[in-house]
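Here is the structure we will look at, set down as structure tokens.
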Amino acid sequence: MEAPTINRFPNQHLAMIFPVLLIFLRASAAAVASDTLNTGGNITDGETLVSAAGSFTLGFFSPTGVPAKRYLGIWFTASPDAVCWVANRDTPLSNTTSGVLEIAAMGILRLLDGGSGQTTWSSNTTRSAPAVAQLLDTGNLVVREQSGGGDVLWQSFDHPSNTLLAGMRLGMDPQTGAEWSLTSWRAPNDPAPGDCRRALDTRGLPDCVSWQGGVKKYRTGPWNGLWFSGVPEMASYSELFSNEVVVRADEVAYIFNATAGAPFSRLVLSEVGVLQRLAWDPASRVWNIFAQAPRDVCDDYAMCGAFGLCNVNTASTLFCSCIAGFGPVNPSQWSMRESGGGCRRNVPLECGNGTTTDGFMVVRGVKLPDTDNTTVDRSATLDQCRARCFANCSCVAYAAADIRGGGAGSGCVMWMNYLVDVRYVDKGQDLYVRLAKSEFAKEKRMDVARIVLPILASVLALTAACLYLVWICRLRGQRRNNNAQKKEILGDENLELPFVSFGDIVTATNNFSEANMLGQGGFGKVYKGMLDESKEVAIKRLCQSSGQGVEEFTNEVVLIAKLQHRNLVRLLGCCIHGDEKLLIYEYLPNKSLDSFIFVLRLIRPLQILQVKKCLIGQQGSR
């Protein structure tokens with residue numbers, strides 16, 4: 001039996017195979033470079049392209065919670081959830097491992113279902129030529145010619161999803177009608193086109209508008225050369241981002257660019273139509289909300305209707321009012337949520353037959369109205385704009401189209417027939433509104449009232465403040481005088497005895513009315529009074545002919561103040577006012593003098609005499 005033979009490659013065969021193998025490996029390496037895909041090359045699910053600096057990654061992904069659906073997209077490398085662009089939004093791959101992205105011979109990108117071989121998405125390049133695809137550090141996937149000047153045949157920046165990156169355009173090509181706009185995802189885990197859209201309205205002045213279906217929901221206000229008139233805060237972050245609106249024959253677009261060293265940022269349109277500027281914080285590895293629109297109720301489109309004016313800083317809950325010279329169409333419905341009927345003129349315009357007596361009133365600090373119904377001349381002066389609007393009876397307002405250079409601005413934008421979506425904003429613009437001549441007399445009276453009333457209120461407030469200060473000073477002076485008199489009467493005696501003002505005693509006794517008198521004796525009269533509106537007291541008013549001087553009065557005060565007995569009437573206070581000397585006792589109706597005498601017998605004769613005189617006068621009145 002012959003031994004089996006073993007086939008081996010002879011040396012000359014090996015010499016032929018190694019060059020072929022080397023060529024194959026080089027071709028594979030060239031097909032999947034770090035950021036580039038050459039003609040005929042491809043990447044499959046699990047492989048990626050990464051931009052040169054590593055900022056962005058292109059590859060296959062599944063949204064959170066939907067592992068069976070695969071999409072080709074571009075995301076921020078440090079945050080894979082931050083998907084910036086999706087190729088096959090409407091046609092997800094159902095096989096989790098079958099996706100293949102290839103660049104065909106004529107420069108067309110195609111996404112294939114590896115299982116069926118069917119094309120689920122392609123770049124639809126209009127010009128074809130041998131090309132390469134490259135993922136740039138801006139997040140833009142470009143297909144450019146392999147030879148010549150490397151002209152761009154297609155780029156993902158021309159086909160946005162829900163995200164605007166630095167360098168992308170929001171606008172349109174007036175010549176071809178091609179539009180660059182954002183479309184929201186259908187849901188947070190569904191990249192399919194949703195119901196919300198963000199576009200640049202190029203009618204009139206360029207204006208960024210958010211739509212939900214066919215309904216306009218929010219607008220930034222027209223571009224004024226520095227910012228969109230309803231978003232003046234754009235100027236506050238100019239050190240991080242530069243903003244510009246390009247107006248050319250083949251392009252009208254809004255573009256933002258990041259300055260050197262600025263954090264990576266993106267504008268994202270949410271599923272409910274909210275646009276957010278998100279900035280990446282590499283330290284905490286989170287996205288911070290840098291800005292958001294709409295911001296408040298006055299950002300809702302046409303919140304206050306035609307000729308309405310929205311003010312979010314009003315003290316009331318009624319954010320809407322009418323521009324001066326206009327009144328609510330439905331006054332009974334004029335509330336925060338029922339003001340869509342807007343406003344109408346109080347007095348018709350006096351314009352026609354080649355004559356007019358109308359004038360213009362300036363409304364300051366506002367977001368300019370929607371410019372869909374405007375005519376624009378960027379070369380005109382503001383004076384020329386006024387003259388043109390004045391000569392056209394359909395013109396209801398005008399404003400400067402460009403505020404660069406300071407002053408009143410330049411250029412001319414004129415509104416025809418109506419104004420809508422006006423609100424107050426910081427650093428807002430001046431809007432010149434047409435009114436009938438008779439309205440200016442009313443407005444002049446209103447101006448006088450607006451000037452006089454604050455001045456009058458200030459004068460009244462100042463007068464009240466002065467009177468209050470005078471009262472305080474008199475009160476403090478009275479208290480100091482009372483304390484001095486109390487010190488004079490009591491000396492160093494440490495008695496907690498109130499010193500009652502003469503004015504309070506006059507009030508308490510109804511100016512020592514006869515109706516209040518309880519009785520009288522040799523030393524004076526005793527009156528019933530009411531102190532502090534609730535305390536009944538007996539007030540002894542010593543007569544000037546009683547012979548009792550300050551020393552005797554002092555003795556009586558000190559004596560009675562120190563006596564504490566349940567059967568002895570209690571001294572509540574005293575008063576000296578000029579020649580007047582008064583004692584304020586507890587009022588005890590129907591009491592007998594005998595209830596006090598026993599204790600008084602213990603006192604030295606002079607003191608007994610003084611107290612008896614006081615008490616006999618009070619008892620005699622009873």
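Using N, Cα and C of the backbone, Cβ positions are placed for all residues, glycine too.
Counting every protein chain shown, 25 other Cβ atoms lie within 10 Å of the Cβ of Lys540 (ATP binding site). Residues or ranges marked as ATP binding site in TrEMBL: Lys540.
Here TrEMBL flags 34-156 as domain 'Bulb-type lectin'.
Marked as domain 'Apple' by TrEMBL: 351-436. Break the domain 'Apple' (351-436) down by DSSP state and the numbers are 10 helix, 39 strand, 37 coil.
Positions annotated as domain 'Protein kinase' by TrEMBL: 512-622.
For 451-471, the entry in TrEMBL reads transmembrane segment.
The domain 'Bulb-type lectin' (34-156): residue composition by secondary structure is 1 helix, 57 strand, 65 coil, according to DSSP.
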